[in-house]
Amino acid sequence: MSNPDVDLDSIIDRLLEVRGSRPGRQVQLSEDEIRFLCNKAREIFISQPILLELEAPLKICGDIHGQYYDLLRLFEYGGFPPEANYLFLGDYVDRGKQSLEVICLLLAYKIKYPENFFILRGNHECASINRIYGFYDECKRRYNIKLWKTFTDCFNCLPIAAIIDEKIFTMHGGLSPDLNSMDQIQRIMRPTDVPDTGLLCDLLWSDPDKDLTGWGDNDRGVSFTFGPDVVSRFLHKHDMDLVCRAHQVVEDGYEFFSKRQLVTLFSAPNYCGEFDNAGAMMSVDESLLCSFQILKPAEKKQRYGYQGSSQNWHMTPPRKNKTGNSK
């Protein structure tokens with residue numbers, strides 16, 4: 001599938017050339033280049049597990065939703081690959097104006113640094129969803145529908161979840177009442193669409209609810225909500241310390257749940273231009289100390305550049321200490 005005429009470094013350079021430009025400036029890759037990114041990345045996704053087992057240190061990012069200049073701000077702040085290892089939790093496309101640049105840069109980095117750069121599937125990496133919420137229209141306007149279908153083939157092979165040093169369980173959405181053993185995730189065959197119910201659906205769609213005990217209906221009309229007791233039981237059963245997920249806008253870019261046993265990350269500040277939220281990235285160091293780097297919502301007249309602040313939390317104990325979370 002590799003195309004000798006496509007220059008990966010040139011693609012990355014052009015995607016990064018707009019750093020410092022006024023947000024909104026587009027990067028128009030050729031159709032052949034995008035097809036190469038989709039096909040080559042798809043090969044790599046299939047060659048790696050659907051349930052990734054990763055090692056710290058790494059940086060974890062939540063939803064991006066087509067906000068390309070905010071993605072560049074995240075890399076400015078955390079270090080452009082290969083300066084740091086990254087794990088993204090899905091929802092790269094839809095809603096924002098530059099889904100194509102976002103997904104092309106992420107796929108290019110995946111191809112360039114396959115063992116250091118990881119992206120999971122979100123509920124928007126699914127044809128029935130991104131057909132409606134913007135990505136299809138962006139592909140059709142800037143290229144053609146055939147290219148959108150090429151992206152769909154790639155998205156259908158994305159990994160679903162990742163475990164960091166056996167202690168941090170990450171996915172886009174949340175837990176599932178059907179999840180008893182990690183083997184169940186490993187047995188999911190790719191390529192696959194996202195079904196309307198069941199384990200894969202829940203991992204991409206479910207949400208925590210602090211006021212709930214057990215499982216409840218989800219206002220989204222898909223999957224479930226789950227209470228703090230579900231999180232505690234899950235972590236105890238699997239000898240883990242933390243669930244890290246995305247999928248919901250949170251005001252500060254990150255938000256704890258269930259006595260810091262779960263954290264929600266959202267990395268698109270000023271989401272859709274309608275929210276005043278910050279975006280956050282979580283850094284996990286070798287001892288599994290988690291810290292947060294915050295992209296503050298930009299003021300209306302502010303041009304490109306990150307406003308950042310860092311906050312550290314002893315969220316998980318060192319690897320060999322299994323006495324529970326530090327405060």
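Using the three backbone atoms N, Cα and C, a Cβ is placed for every residue, glycine included.
Binding of Mn(2+) 2 is attributed by Swiss-Prot to N123, H172, H247, and the same site annotation extends, among D91, D202, D211, D217, to D91. For D91 (Mn(2+) 1 binding site) paired with H172 (Mn(2+) 2 binding site), the C-alpha to C-alpha distance reads 8 Å. Other Cβ atoms within 10 Å of the Cβ of N123 (Mn(2+) 2 binding site) number 25 in total over all chains. H65 (Mn(2+) 1 binding site) has H124 nearby among the recorded positions N123, H124, H172, counting only those with a Cα within 10 angstroms of its own Cα. In the three-state DSSP classification, D63 (Mn(2+) 1 binding site) falls within a strand.
The Cβ of H172 (Mn(2+) 2 binding site) lies under 8 Å from the Cβ of L89, G90, D91, L120, R121, G122, N123, L203, L204, R245, A246, H247, each on the same chain and at least six residues away in sequence.
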